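Accompanying notes for the structure given below.
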Amino acid sequence: MKKISNILLAVTFALPLFTACETDNDSNPILNEPDTFTLNTPAYAANNVYDLKNAQTVELTCSQPDYGFPAATTYTVQASFEQDFIEATDESKANYTVLESTSPTAKINVDASELNNALLDLWTAVNGEQAELPTEPVAVYIRLKANITSSGKGVCFSNVIELPNVLISKSTSSLTPPKTMFIVGSMLDTDWKVWKPMAGVYGMDGQFYSMIYFDANSEFKFGTKENEYIGINDNRVTVTDKAGAGVSGSDNFVVENAGWYLFYVKAAVKGDDYQFTITFYPAEVYLFGNTTGGSWAFNDEWKFTVPATKDGNFVSPAMTASGEVRMCFKTDLDWWRTEFTLHDGEIFYRDFNLIDSWTEKGDGYSIQGSAGNVIHLNFTAGTGEKK
């Protein structure tokens with residue numbers, strides 16, 4: 001077997017995330033639709049082995065697509081064993097794999113385990129279930145897809161780069177992403193007896209979310225099952241506070257600032273255990289679709305008002321047109337991954353491949369709105385209504 005040396009644990013693409021801002025003039029920016037953008041070849045790619053089993057991340061860097069103005073951009077990693085990426089047709093599958101995790105910046109820390117598993121699946125798809133995995137490094141080709149965040153606009157693809165020495169390995173762990181996630185704490189009940197189940201992010205195994213009101217200095221823990229009690233001091237846990245919640249603690253999580261937050265948990269398999277990433281997002285709920293006159297982006301004109309109390313209602317702006325009501329939370333993901341509706345007066349979180357309408361789920365899942373209607377949502381009670 002070829003000796004593996006100089007194991008590279010990170011590969012590099014870099015560029016800060018630019019976001020649109022107001023200018024001194026009243027003109028609207030004009031969207032340029034670029035054909036491509038530059039993905040950088042790592043400086044030492046030719047002489048190093050990317051051992052995905054023993055690496056943590058593969059770091060990539062690229063230039064931002066030229067949209068004609070600074071725009072928040074989402075990057076998706078695609079990988080193939082062939083230099084020419086071939087799209088799927090009615091007769092054949094695509095010859096590349098797409099990683100589920102995306103990046104909001106042009107410096108992308110690709111999870112090595114996720115890349116390894118994606119390449120394993122692609123190898124099996126190309127060579128058959130009985131095909132042996134190569135014991136020596138193989139060439140892997142990478143490209144990026146970019147689009148303007150939370151929209152279908154500005155889609156373009158980077159150039160293809162080669163990583164000539166990538167070692168992929170069979171997973172030695174039988175652990176799979178958790179199917180459930182719960183949160184418990186003083187903001188739910190003072191006796192810590194209520195284990196609140198969280199909604200699963202559609203299409204993202206091991207990821208969960210819940211809109212929760214935290215009293216000032218609330219304390220809580222979470223778990224993949226009831227009575228697991230995972231705290232902030234667990235070395236498997238990292239916390240990102242994007243909402244100014246003021247998260248701290250030495251055992252229990254402590255939320256300093258009272259208010260509504262979207263609590264988000266990502267559980268990733270790392271060997272024989274999980275790594276948990278906790279994110280606090282602002283409590284942002286939006287109307288989408290036909291009842292807004294056709295808005296399919298996070299437009300603050302269609303953001304719900306946030307109540308000041310635990311038992312208050314989130315209230316939508318008045319609809320301006322007729323059609324099916326579409327609602328979602330704002331995270332770093334595509335809007336439809338955290339979409340929900342109302343069914344028999346209760347909030348129902350998307351759990352299926354919705355193509356065009358909630359009618360595909362069954363009777364009573366599609367809310368039909370008209371001009372002047374508003375939606376009231378009570379996330380503490382888990383209920384809602386159209387008025």
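Cβ coordinates are placed from backbone N, Cα and C, and glycine is handled just like the others.
From the candidate list TRP260, TRP335, the residue Swiss-Prot records in the D-glucose site shared with ARG326, ARG350, ASP351, PHE352, ASN353, LEU354, ILE355 is TRP335. As a summary of secondary structure, the region 'Carbohydrate binding module (CBM) 2' (284-387) carries 13 helix, 35 strand, 56 coil according to DSSP. For ARG326 (D-glucose binding site), applying a Cβ distance below 8 Å and a minimum sequence separation of six or more within one chain yields LEU287, PHE288, GLY289, ASN290, THR291, GLU339, THR341.
Proximity of LEU354 (D-glucose binding site) to non-local residues of its own chain (separation of 6 or more, Cβ distance below 8 Å) is seen for TRP336, GLU339, GLU360, LYS361, given in sequence order. Annotation: TRP335 carries the greatest number of neighbouring Cβ atoms among the binding-site residues TRP335, PHE352 [cut-off 10 Å, Cβ to Cβ]. Its Cβ placed at the centre, ASN353 (D-glucose binding site) has 8 other Cβ atoms within 10 Å.
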